[in-house]
Amino acid sequence: MTLLEALDYASVFIFALTGALVASRAQLDIVGFAFVASLTAVGGGTVRDLLLNRHPIFWIDAPGLIGTAVIAAVLVFFTAHLFESRLRVLTWLDACALAVAVPAGTGLALSLGHHPATVVLMGMVTGCLGGLMRDVVCNEVPLVLKQGELYVTAAFAGATAAVLGVHFLPQGTALLLCAAVTLILRAGSLAFGWRLPVYRPRPPRS
Amino acid sequence: MTLLEALDYASVFIFALTGALVASRAQLDIVGFAFVASLTAVGGGTVRDLLLNRHPIFWIDAPGLIGTAVIAAVLVFFTAHLFESRLRVLTWLDACALAVAVPAGTGLALSLGHHPATVVLMGMVTGCLGGLMRDVVCNEVPLVLKQGELYVTAAFAGATAAVLGVHFLPQGTALLLCAAVTLILRAGSLAFGWRLPVYRPRPPRS
Amino acid sequence: MTLLEALDYASVFIFALTGALVASRAQLDIVGFAFVASLTAVGGGTVRDLLLNRHPIFWIDAPGLIGTAVIAAVLVFFTAHLFESRLRVLTWLDACALAVAVPAGTGLALSLGHHPATVVLMGMVTGCLGGLMRDVVCNEVPLVLKQGELYVTAAFAGATAAVLGVHFLPQGTALLLCAAVTLILRAGSLAFGWRLPVYRPRPPRS
């Protein structure tokens, strides 16, 4: 199994956990859990593969990946009630999934030799679109759009770090750097409230 | 016309009726009816064709299919006020559309020789995604996600029945079985309240 | 730069402005502005290219297009507070973007030699889907679905005008006609309340 395949499996598993947690908030049955988990798990990578015209899509005829998502869904279905705050667990797992999916998308686009701007975009698409689909389908306010939290920004910074880093580092190390930058920014935003200034209709005069 | 083409036409027509009914709840004009009807009618099959890299997409350069959706939209525009309960009609038509679209998607993936897990998924995607797009676009709570109703589950069971059945039955009969299983489960859920246990934050102690 | 490429750039820029304005209503940070702006700017054309199996997608490896969207996002981030009514500016810019994107999509499908019905649909998809994605992702009521306003209808009429016009006029002129018809209908709907009759559950007896 290559590094990119391992990243795909890890990102599928963690995103599936978040999908199942959102399904638990919507009180679905176990097949609903598996559906939302799978959609979340493969959504971003599917869009990436469609945009890059990369067939077969990474999970078609690789039933282990969807199987992984289903296992995650079953796991959450039977254990989610053990957690004190599912929303908190969800948010942190989502941060981990982002930090795995962004290097997965970035690494793939890098190894296909695309333009640096395209590589950064593919990292952002792979990282952000699965969670976005999950939230749109389940009528949650998209995490991607929470005011003032670093989310798309963390994905952007991580992917950019990889694109720059690959000039100086081996690709595996550059992707590790990508994961670290993404996770640190996202986690810092959750834990310490790091943020960029948001748009205000009328900025206060100083 | 092959069986698969006939299934495509039937599923397009019935899904278009449901799309137009949702458009009537949103009080759109006739072009809006045609737009939502077409989106619902071809949404699931389009995603299936994109995922399987099957070009041209089934409705591109087959204007009869979009024409069918438009006719359904016009029909509903002028007759929907005759129904006592549009929501009830909508729900039951949607069940019929599901029972046609799942075998359509399953049959196509079967005849392309995909892995059984992929075949089941394509049946579910073709059956569920058109209705999901309809509901997301029109700001309705997705039928797919209604608590405790068998919907994705019915699609899953139907597609699985076809994948197993095709080992013992001719493909046409296996697809008929698929339609029957899907329809019976979905209709049983609507009429008799059949359901799987849903997730409960704190399960009651016994 | 060909006419079609120029239309792509113009439509990307104006749609990106509308995306950034919606981001300002959601009070996102500057990376969120760029994300929503890019999604809006390339969403419709991306779906068009995927449906027509046209690779690379028009903005992949053409970083100038995404760059244009980002510039529009930055522009809006720093100037949106200057506008009296952002919603009004948004609605009118969206009308202009529609009037550019519909001929862009129609022209492309025409030059690929598709069936007239497919050409009209591609014009509508290119024109309407970017704005629809923007509104779904940001939890706004889709402009496409505003009761009784000509929106999809304007796109439909414009694309139809081009498909008919191309029999009598040079393609460039037919696309100009398409833009004019789309803009006039949409603007007339906004300014003078032009509309088609909408569906009413119980039509009043006369």
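Backbone N, Cα and C define each Cβ position, glycine as well.
Here is what TrEMBL says about this protein:
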type	residues	note
TRANSMEM	A:6-23	transmembrane segment
DOMAIN	A:6-80	domain 'Glycine transporter'
TRANSMEM	A:30-51	transmembrane segment
TRANSMEM	A:57-78	transmembrane segment
TRANSMEM	A:90-112	transmembrane segment
DOMAIN	A:92-164	domain 'Glycine transporter'
TRANSMEM	A:149-168	transmembrane segment
TRANSMEM	A:174-196	transmembrane segment
By a Cβ-Cβ criterion of under 8 Å, what residues six or more beyond either terminus of the transmembrane segment (A:149-168) are in contact with it?
98-99, 102-103, 105-107, 110, 116, 119-124, 127-128, 143, 174-175, 177-183, 185-186, 188-190, 194-196
The domain 'Glycine transporter' (A:6-80), counted residue by residue under DSSP: helix, strand, coil:
60 helix, 1 strand, 14 coil
Give the mean pLDDT for the domain 'Glycine transporter' (A:6-80) on the 0 to 100 scale.
90
Could you give me three numbers for the domain 'Glycine transporter' (A:92-164), the DSSP helix, strand and coil residue counts?
58 helix, 0 strand, 15 coil
